[in-house]
Amino acid sequence: MSWQAYVDEHLMCEIEGHHLASAAILGHDGTVWAQSADFPQFKPEEITGIMKDFDEPGHLAPTGMFVATAKYMVIQGEPGAVIRGKKGAGGITIKKTGQALVVGIYDEPMTPGQCNMVVERLGDYLVKQGL
């Protein structure tokens, strides 16, 4: 299966009538492997900050997490594995695998739990595949 198929079929899938606003699979260096049409472009320093938070959980909490200049308040996650952010009525979930970052961005009416489920399910699958 291509990386684009993972995005199209597993991240942008319908969940209780709703979809993520955008999604992508990136390398740890920020290189886009596949993305949805409306996925924002990360700046290199944003990827650096995200990767540092995976290595040093809590690094982003004081400043927030920036994605294409949009600021997300960092909320509960799983240290070293998942970063979650909230911005207004939407948010973001980032799951780190051995080689990739699986990213989902949502807006209402999709819930944070639905976004977490979609992103983390694919991320867990990729981890089991050694990716």
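Just so you know, glycine gets a Cβ as well, placed from its N, Cα and C.
DSSP assigns Cys115 (disulfide bond) to a helix. What Swiss-Prot lists as disulfide bond is Cys13-Cys115.
Annotation comment: Swiss-Prot describes Thr111 as phosphothreonine, evidence class similarity to another entry. Other Cβ atoms within 10 Å of the Cβ of Thr111 (phosphothreonine) number 14 in total over all chains.
Same-chain residues lying 6 or more positions outside the motif 'Involved in PIP2 interaction' (81-97) and placing a CB less than 8 Å from one of its CB atoms are 21, 28, 50, 53-54, 60, 64-65, 67, 70-75, 103-108, 112, 115-116, 119-120, 122-124, 126-127, 131. Look at Swiss-Prot and you will find 81-97 tagged as motif 'Involved in PIP2 interaction'.
A mean pLDDT of 97 is what the model gives for the motif 'Involved in PIP2 interaction' (81-97).
Ranked by Cβ neighbours within 10 A across all protein chains shown, the disulfide-bonded residues Cys13, Cys115 are led by Cys115. Cα of Cys13 (disulfide bond) to Cα of Thr111 (phosphothreonine): a span of 14 Å.
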